[in-house]
Amino acid sequence: MTTPDKSPPNSISETMETTETNQQPTSTPASTDPLPVNPPTTEEPPKLDTSTSTVTPPSLESAQRFAKKQQFRGGKANYWSVSLPQMGTMGVGIQLYFEILLSLSICFLIMGLLNTPNLMFNYFNTGALLELDTNIWSKLSFANLGFNGEILQTKDCIGYELNYPDLNTSSPSFVPGDIDCTASTQSFLNGASISVSTISTVTTACECLSCLTFILALLYIQRKVKKLKEQVDLENADPEDFAVFVRNVPEDVTAEELMKHFSSLYDLSKPTKTVPIGLTALGLGVRRATFYFFLWLIFISPIITYILDSSGMDNATSGGAGAGSAFLIGLIVFGWIVHKGDKVVMRPTPPEEFDTWCKEKRDFEKKEMEKSELLAKKKGKGRDAKIAPGGSDTPPVTSATATDVDFGVDVSKRPDPQPVKNVVNSMNPMYLDSWVAEVTLVHPNGVVIENYKKSQVKMKKYEKLDVKMKKSLDKLKPEQKEKAKAKLEKFSAKAKKAEEHLTKSVDPSCKGKAIGAFIVFNCEDSQKRCVEEFEYSQHGYYRMFQPMHMRLPRADKKFGVPLRVDVATTPSLVYWENLHVSDGERRARVAITSFITFILLVVSFALIYAGKIAGEVAKGMQPDMATCTGVLPVIASGSMDFPAWLNLTHVKESDATCGDGKFWVGYSPPYDYEAGLPQFEVTNDVGGKESLARTEFDANTYGLCDSPCVDPKGVDDVVCGSLSCHWEEVRASKGLAEPPAACKTYKESDVAGCFCLNMLINTVATDGLFAAYDILKKPELEGDVCGEFIDNYMKAQSLGIMSIAAVVIINVVLKATLTGLVNFEHHANGASYSNALTFKMTLSQFLNTAMIALLVNAKLSDDHKKDLGLDSVLGELGLLDGEHSDFTRRWYIAVGSALTLTMVIQLIVPHIGPFVKGFIVRPLKVFMGKKKADTQQELNDLLVLDRFEIETRYSVLLNYLLVCSLYAGGMPILFVLASINFGFSFLMDKLALLRYNKKPLKYDAQLAGIVSGILPFAIILHIFTAAYQYSAPILIEDAEGEVQQVFDGMPDLSIEGAGKYAGGTLLQTTYVSAFVNDMAGDFIVEMRGAHALLDDFLPRVVRSNVLPIAFIGCLFIVFLILDKIFGKALRIFVSDYLSRLIPSLSYQFPDFEIPQPDFTDLYSAELSSEQKRVLRLYKKLPDEDIKTGFYLSEDEKKVYCKWVVGTSDNAERLDGGRKRTWEVMRMKNTHNYELSENPEYAACVEFLVKNDVFVKNEGRNVIDEGRLKKLEEERLGGGEKKVEESEAPAPTVVKLGVESGEKDEVKMEGGGGAEEAKKEETPTEEKKEEEEVKKEEEEEKPKEEEKPGEETPEGDKKEEEVKEDKKPVEAPMEEEDKEDEKPVEPPKEEVKEEEKPVEPPKE
């Protein structure tokens, strides 16, 4: 499904790459010589015939031609040469999608390059080096910064050998430590070291630059979306530019009532009455009072409350005073606005608005010139103004001598709106001299239309079975034929039953009811004014305050009927089957789908949570690395300064001494467990060293666990304690000092686990994982000790991989499920459908990918739960009770690396399906199924590709954007992955669009607008999450203002004692002044104890490596709020100051928006940017535009359009006539809101007409046929002579209208006939034009589109015979450049002969 669109700026003709169905004139006439317009793409319900007649086989060539027409340029577009504007001919939304991908890829590439120092600091450190599950992703994150004191061994520290005088440092096996355990420096490239203060400064600076780059990318993308949308709107005329959808109308309303009402409201020939935002004084007062109430309540009331609190007033009173002041302000605003009454304004006409703009433009440019002159004088340049382009002889242009050209004012563009003077489009004289061109009433036929579309699916199935049975009848035996006929009769009965069920759903009462109407204005300005004034009519509350003159007057309604007006979507994307659904019903459906989506997310959460619990259970059977490296060696050696070479060993010869189920595992050598282990070395309270016998700890709470005989399965496990645990228990009795580390407990079986863990690490490093598994699993090696350990390890790793895969799989399932859910919501048009699908898929995928993993692993302290009042709820659900209370080192290793791996997988997964389906599955399916296809429709469906949909692609883009923005602060590698993802998506989606997808329907800029709207949220998310990550304890740990790293469990590892980490010292003066430092400190002291969350949050924010990032985030939020409130004024103010640094950013006076040509007027438009480019280079319009009838005006400032042979079935009969605006729209797509002229619903309309619940407008067909026949008579009677004004046909049904300077008869041909003025053509010029038409026809032989299910070899042969009669000759492209050949255009507007056109290079 797609959204409406306006064609982007390229050659206009490229937007007409639709099927021949949409290129034909309006409707099927009632005469014997039909002129089919938009013939139905679906047929009437098939009548199953049980006869044994021969079935015509489907044509493969026809199906291939049909499939090629569905692709962009027939699937042969050059991948590398096709530009974004050229792809944008399929819709501005397509171009914007690729523009956004490219912009984001470049943005994140720059951010990745800026964070290169951070990546290097992370990678060359050793914080995660000794962790068991460390991988490349954790090494590139904050997990690897610094060093992990819990698992660091003394031997790894620089200078550890100084503590061991007897150590043989000359031994080849001696490896000196390379880690600075004082935490003053960190490792860097090639063994170099860098101070942590430098790292802190550089990382913060890189992050700040990344945030600024992100903000600039946002501004660029928003500007790009807005600019391209305005450019497309200016250069292309589409039905939705003139139309609105009116709802809340009376059931018995007529088209004439609505036409008169809206025509009088938006009459552009005189000033019209209007009120601000379409509300009465009462409604405006309520809205403004509500706005100022909340504005005061949010920004001013807290200040008042704080002042009153400081004066000693209690909290309740001060809070009430703050809220009361806000209410008082709102009341004052409301009373003032109501007192002033309705603010009625007379809005000037468009010409008057243009005159006002010209005056303001002149004044603005004059002031700018005066500023420049004054600045030039101050700089002493010796001149008052710039020299004009003419050279030194040309007098300088000054503010006094400047003309309109110098001011950028073109008075020739002054609009001249006119009412309807030609009604060929509607064939209804009531629209003459009206400002409304068409009114299409919408009837409550949605249920019937929906049922009809469903029935067609069944009918096609029955038709397929019918054809298949007929094909096999000749091969059957007599008794089998009878059974086959019986089946055919059964199928026929089912088809008849389905048709009867459809007929029963028809409600005859719907024929006279109206539930809405599409109003098509004649002028674009009328539509814009209507949309502006009815902006708040979508809400029932505001409709109560709708001014009386805007309401539909009714005799039975004293105060009229308040109307609801919405912007109309493109006609081809109106979902007629859903227009009957009320807002209440649609909201109920949305609520149901939202609830189902929530259930799906809960299931996803439960699956991921179950995998986490299972993984934790498996990991819980493994020992902690800190126990293996920092606790067990101390217990065995009796000293904190144990030898670095200690390793657990398994002595199989001694297993027999341990008994059944136990194995001998210990530190041998160097210790002799039979002779006894060394005594414990402790420190007394005066700082001296003492030795304590191991027997001193036998009566303690925890076991000593220094026996080498252990049970790996832990059948009778004993809880053991570290040296600090035993030290603390005998401290008072022995007069000892405080233990140097916290108490740490472990299980006796962990001794065997540590041995297996060490074996696993060493073996994996040398022989790989599979070799390590064999060694630890086989009983003859170490399987008796480590068999269960390796099983648990592999289980934990498998569960981790499965949890990552689960996220990807669930995202795929959500994609398929949400599509069905959004269909259930019954959206009225493609725009709302696409928006809803994109939003739901983005939200669900983001929650499933990023937030669920965060919540499952997060831990909120009991105090914080109580402060939030959620302790009981969270306790019962077991939520926020994970392993990580912050962005700790373990979080990056366990959660962050898994998340990064998920994003790596997401690089490829979204593109695998389309790629495999387009390049492998579909060719195989076509190869195997083309001979089995029974009908032409079945063969067409087999060859037609899937449609390119950007809704799902936008959801993938936004999910990747939000996830990377959320976590990239602490994992800078995500910047690089995001850049690769967006770039790779750009290349793969372009390939999909050009090769293995058919063209999308027209997408507008709404989805791109959603992306630009979500980008500020992504920036805020990134900035403040990065600030929180930069303040996490992994980098710095605050202890009453002093930032330090305490080595838990490993006291006094370094030579100088506990090392202090200077990288995040509180408010270093290198960042902020002493005044700010003192102020922040006083604020923290004052707020301390106010709330547990504030106690944690405030000290983190004011740190020197965090404050700059948070400051940028606060400024960005303030700017967004001010921009929302002040808007244009703020942007002018900011650009005025920025222009002093960057002149290109100076405020530019907005251009006057030139409206589109009137809907029923002759087409006349400004040149598009692509047309200007080609005209500048080759002195002519693009070839594609010339072939489809576009030509230049005499002054080459306007572009017109005419009928050309080959562009539609009627073009040959109307050749040379100038097209009107609505006829140019018809070349691209459905041009009006008549249900009967929408090809998707044409067959359904016939069904509705048959059942007398729909009235089909046939008036236009009679007029069209009479007009065309008269033209043919003139051609046959006078050779190739054009219809003169005096020779126009007499009126046949209605008077079509009169325009100034032209006769009635001429206007009867106005719908696209020969209505060129006589002065514009001469017989000689006419002959040249006819010759050029023939050459254009020879250049590109028109191919007629075969209807599905009607292609036969005989039919193809007949078509070829017809084409042979026409004798088209393929002319070389070079012949177009000859001087004697001119483009297809009126002679007075042709390119001059001396300006020989140059052939543009082929793409």
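Even glycines carry a Cβ here, placed using N, Cα and C.
Residues annotated as compositional bias 'Polar residues' in TrEMBL: 1-31, 49-60. The compositional bias 'Basic and acidic residues' annotation in TrEMBL covers 369-386, 1274-1285, 1315-1369, 1380-1403. Look at TrEMBL and you will find 799-1029 tagged as domain 'Anoctamin transmembrane'. Look at TrEMBL and you will find 1-60, 369-403, 1274-1403 tagged as region 'Disordered'. The transmembrane segment annotation in TrEMBL covers 96-114, 199-221, 289-308, 320-338, 588-611, 799-818, 838-856, 891-909, 960-987, 1007-1028, 1105-1122.
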Could you check whether the transmembrane segment (96-114) packs against the transmembrane segment (960-987) - three or more CB pairs closer than 8 Å, residues at least 6 apart in sequence?
yes
Does the structure show the transmembrane segment (289-308) and the transmembrane segment (320-338) touching, where I'm treating 3 or more Cβ pairs under 8 angstroms (sequence separation 6 or more) as a contact?
yes
Using a cut-off of under 8 Å between C-beta atoms, tell me which stretch among 320-338, 838-856, 1007-1028 contacts the transmembrane segment (891-909) the most.
838-856
Would you say the transmembrane segment (199-221) and the transmembrane segment (1007-1028) are touching, if the rule is that at least three C-beta pairs must lie under 8 angstroms and be 6 or more residues apart?
yes
Using Cβ atoms and a strict cutoff of less than 8 Å, what residues sit near the transmembrane segment (799-818) while being 6 or more residues removed from its termini?
597, 600, 604, 607-608, 611-612, 614-615, 618, 837, 840-841, 844-845, 848-849, 852-853, 898, 901-902, 905-906, 909, 952, 955, 959
Cβ under 8 Å, sequence separation of at least 6 from the ends of the transmembrane segment (199-221): give me the contacting residues as numbers and ranges.
99-100, 103-104, 106-107, 110-111, 114-115, 117-118, 121, 145, 186, 965, 969, 975, 1011-1012, 1015-1016, 1018-1019, 1022-1023, 1026, 1030, 1062-1064, 1070, 1104-1106, 1108-1109, 1112-1113, 1116
